[in-house]
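Below: the structure, in structure tokens.
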Amino acid sequence: MSTSAGCCQGCLHYVFDYETTKTLVIPSIRLGCAFRFTQLLVVLYVVGYVCVVQKAYQETDSVISSVTTKVKGFALTNASDMDPRFWDVADYIIPPKGDHSFFVMTNMVVTPEQTQTRCPELPSPSTICADDCDCTEGHSDPRGNGIQSGLCVNYSSTVQTCQVFSWCPLEIDTELPQHALLAAAENFTVLIKNSVTYPKFNFHRRNILPHINSSYLKRCQFSRATDPDCPIFRLKDIVSEAGEEFQDMAVKGGILGIIIDWSCDLDWWAGKCYPKYSFHRLDNKNPVNNVAPGYNFRFAKYYKAPDGEETRTLIKAYGIRFDVIVFGTAGKFSIVPTIVNLGAALSFLSLVPVVSDWIMLTCTKKKDLYGKLKATYLSEDAEAEAMSMGTSYGTQ
Amino acid sequence: MSTSAGCCQGCLHYVFDYETTKTLVIPSIRLGCAFRFTQLLVVLYVVGYVCVVQKAYQETDSVISSVTTKVKGFALTNASDMDPRFWDVADYIIPPKGDHSFFVMTNMVVTPEQTQTRCPELPSPSTICADDCDCTEGHSDPRGNGIQSGLCVNYSSTVQTCQVFSWCPLEIDTELPQHALLAAAENFTVLIKNSVTYPKFNFHRRNILPHINSSYLKRCQFSRATDPDCPIFRLKDIVSEAGEEFQDMAVKGGILGIIIDWSCDLDWWAGKCYPKYSFHRLDNKNPVNNVAPGYNFRFAKYYKAPDGEETRTLIKAYGIRFDVIVFGTAGKFSIVPTIVNLGAALSFLSLVPVVSDWIMLTCTKKKDLYGKLKATYLSEDAEAEAMSMGTSYGTQ
Amino acid sequence: MSTSAGCCQGCLHYVFDYETTKTLVIPSIRLGCAFRFTQLLVVLYVVGYVCVVQKAYQETDSVISSVTTKVKGFALTNASDMDPRFWDVADYIIPPKGDHSFFVMTNMVVTPEQTQTRCPELPSPSTICADDCDCTEGHSDPRGNGIQSGLCVNYSSTVQTCQVFSWCPLEIDTELPQHALLAAAENFTVLIKNSVTYPKFNFHRRNILPHINSSYLKRCQFSRATDPDCPIFRLKDIVSEAGEEFQDMAVKGGILGIIIDWSCDLDWWAGKCYPKYSFHRLDNKNPVNNVAPGYNFRFAKYYKAPDGEETRTLIKAYGIRFDVIVFGTAGKFSIVPTIVNLGAALSFLSLVPVVSDWIMLTCTKKKDLYGKLKATYLSEDAEAEAMSMGTSYGTQ
């Protein structure tokens, strides 16, 4: 017999012969039950935890979302130092584009009629002066409000401060109204239109659900108890749901997250996939270490006087920024995660005999007997004997 | 022999002895082939589906992206009730900052010369009045346009409505031009600059591909057929690709998604990673249940009259908001997912003998013989006999 | 015995009997060590790589983030062709809302006093004309600046160009100051407030860390070496860390990414989870194929002259857009990925005996002996003999 023929025969052996393990059957109810119970535990774990609880058989995809917001409402301010003024959407929504983040101005410090000129600095330890020597021409203090002209001028009848070149008169933002000017903003409403896509599953959905009709949308207002599907929210309700008081928040402003959770199980009929709204304040309300608490920014409206000089009205706007945050993961049955997770879990089944054997060989009364019957110990003299035996079972 | 010595010997047994299963070789072509065929199926599944189709050997990362957009174009409006007016980018792009979401105004309702004063409400069932008794001073209807002064005044020669304090004259937004004022916007172009990063793989790429030169960029225009790599898009082409008619969409506005898919397989030479553009309308075109269809928002330009009185021009801007949505997942070979997925798939190989044995013991003619030879059944009287036997094979 | 009784007995066999594989113990140090060593390798891989390096036992979640930015600083411009002008936040931050992307204007081309009228086009090969025949009434060149009136007029004393209807005078944006007008912007500072949430783990954190107090925040400035936790950044430092020169970038503008990495291991005490800042230029600095390098956009301030005519100041704003990009993945121990990854890795343990058996049957001196003892070959004549044997071990 040549080597190649032997090799070929060896290969054929793998194809034409079937090799199965020899086993020892032990008629023991205890061992049998222990073995099956352990197997059952593994199977229960696979079915119960991996499949039902964790849905590990699903492929997942992240949401792609588009948001439009539209605020409605108007208010009248009647502060003692100002004329009555009417405010509508174009006045208090800055910037006007209604996308996923919109700002509603609720309070403000207005500094009208500013021009590029010289005026005395606001009094502070570093700006109060006795005469011109205390002020340096061209000096600009990062915490100041302009470039010093080098003169020391009267700020009031009692205080002298360095003169600066700046937009004058300077803004005095310490006089923030303690009751929000646009307190009526709590009754404004916002319509949030949100359409989402799960590109992997080619799934599209809007937050205006199919069963909602036009007449309902015209009069409804979101309420977790009675109208959980209405996409129109009263600002006060949003703030309340986040555990805050609107009038408190309106004074210094803040950031409020409108969180839309689109987590869906697309294995069931798709109608079950609907948005879940929740509301959280995103900035820190009363931290010990807060600089610039609340939320505000400055913007200006520019005018040109008839003589061509530019003037501006500076507005330090305090208000609530609403951030619509859309998140979600959709899951759908897919063969790969199923195989991976089932396979990984089933591989534990192959550890069960190891455990059962260990129990059999250590914890049973007849462990010595079982050990002897299960394992054949190969000793030196057995080798010689075996060498003279034939290879097949039949020739014994 | 002490207990500790026995324990030690037991441990050494695990290190110095090798325990292998005893097997029974059955020379059956049928069984052999069935066994190997089942194994082949598992291996084919691993290679074919998990590796080739699902790329389960890859680690993945999500894209981080930065987008700049710049619109070009101008138009002339010549409506019967307005002077001819020239519109350029600074006029119709609101807000001007060219980031991932830009708005092109295509239609509008302009209400010039509004001032804070009193004027009659727009006629509606709740605002039409016969005399002052029908109006309540200070009352503000959420669906109205201002705060009632308590007077009933002439709206027109035939209709009387309650007078309100508001920005007057009130906007009449029912007179929306049925042919978009800025219809010429369809020929505007937008240059989209997008750079992406996959931080896990330290991979950076721009949508202006390396082989594109400056002179090409100056004259090119995206076309799926002839110029698929040009980052300059004609607005009409974008809308057409999304299956919409620009002139229809321009009247009431809408939201259009420019979706850039950067899904890449980084295992192959990185040059294969390029952006794929697609376009979808994101809002609902003609739904049965739509409130405020299309897309619009109000903004105002503020002026100061020579006498110091503030006037504004209110613009209800209708137009198309283009949202550039960048998404993508890059995959690259990594050892952990490879091991996990291969391991899980291979663990099915250990289920193959279970299947084969079941076939052998139920479906073959010689199943009784195979069963007897494979399994040794331990009976009561065998135990006594075995107790007297030595442990090693050779002493039998 | 009826069939159903036999079937029932067969089922009970699985519950009440325990079937274990028969094994052959070979007292070989070499084989034993090889077997245990291979097992050790698999276990080491599981513990070392999968668990320690890749943290494959963790469930992960992506970050949800909210960002507020507030720029501080002022500057004086003193260009030769303009009056000295003072710039503060309301002037150079466009749009004013401080969200995750803010733009600081550093250079500009200002075209004041534009009105809707007629003026000569800027000279270019396609606009220079000799007489009215070279100009077409109503023609608008996409690369031009307005709609031609059909007249050929003097642009300067030497050049004649076609007259256009547009916002006149036209912007001449080739005269961009080569030294940025607002060069002082390098000393502006920005306070970045960032709060993050990992919704799956109900974990909230701010970038203003708990140990930072208010007085520190008032004077600190981010420095990687000395103040790595301070959330106040000097613009020049940001640009320097990104490897760019502020004054170069300020001329034509650019986009700079402030990347906050919140990758956290939540298994350890949560205090270890803190933001890591990095800075990268996101647009391409000096590419060979760049159109419109840098970053700029046009916006206008609208005025109304006392006679009611609208004028505007067009500003082509060059500057740096700072994009705050928050990303991160938090990991926390979870049973499912642990099981999946451990299971997958352990399934390799079941491949170890296959390898060891192959070594035993091919590489050892006594391979023939081992082969004979391990595998029982079933031959034709053995079958008949076996058929006459009893099923139980004891009846042999």
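Positions of Cβ are set from backbone N, Cα and C atoms, glycine also.
Noted in TrEMBL for the protein shown:
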BINDING   B:K70, B:V71, B:K72, B:T189, B:N296, B:F297, B:R298, B:K316  ATP binding site
DISULFID  B:C119-B:C168  disulfide bond
DISULFID  B:C129-B:C152  disulfide bond
DISULFID  B:C135-B:C162  disulfide bond
DISULFID  B:C220-B:C230  disulfide bond
DISULFID  B:C264-B:C273  disulfide bond
CARBOHYD  B:N187  N-linked glycosylation site
Recorded positions satisfying Cβ distance under 8 Å to any chain A Cβ, from B:V71, B:C135, B:C168, B:F297, B:R298: B:F297, B:R298
Chain-internal residues, separated by at least six, CB under 8 A from B:C273 (disulfide bond): B:F203, B:R205, B:W262, B:C264, B:D265, B:L266, B:A330
Fewest other Cβ within 10 angstroms of its own Cβ, chosen from the disulfide-bonded residues B:C168, B:C264: B:C168
Chain C neighbours, restricted to the recorded positions B:K70, B:C162, B:C220, B:C230, by C-beta under 8 angstroms: B:K70
Of B:V71, B:K72, B:C162, B:R298, i.e. the recorded positions, those within 10 Å of B:C119 (disulfide bond) when Cα atoms are compared: B:C162
Among B:V71, B:C135, B:C152, B:C220, B:C230, the one of these recorded positions whose Cβ has the fewest neighbouring Cβ atoms within 10 Å: B:C220
Which listed residue (B:C119, B:C129, B:C162) has most other Cβ within 10 Å, given these are disulfide-bonded residues: B:C162
Of B:N187, B:N296 (the recorded positions), the residue whose Cβ has the fewest other Cβ atoms within 10 Å: B:N187
Which of B:K72, B:R298, the listed binding-site residues, has fewest other Cβ atoms within 10 Å: B:K72
Secondary-structure category, per DSSP, in which B:N187 (N-linked glycosylation site) falls: helix
Nearest of the recorded positions (B:C129, B:C135, B:C168, B:N187) to B:F297 (ATP binding site), judged by Cα-Cα distance: B:C168
Separation of alpha carbons, B:C162 (disulfide bond) and B:V71 (ATP binding site) (Å): 45
Largest CA-to-CA spread of ATP binders B:K70, B:V71, B:K72, B:T189, B:N296, B:F297, B:R298, B:K316, angstrom: 25
For B:C230 (disulfide bond): DSSP state (helix, strand, coil): coil
Subset of recorded positions (B:C129, B:C152, B:C168, B:N187, B:C220, B:C230) lying within 10 A of B:K72 (ATP binding site), CA to CA, in sequence order: B:N187
Minimum Cα separation from the residue listed as 'N-linked glycosylation site', reported as the residue among binding-site residues B:K70, B:N296, B:R298, B:K316 that achieves it: B:K70
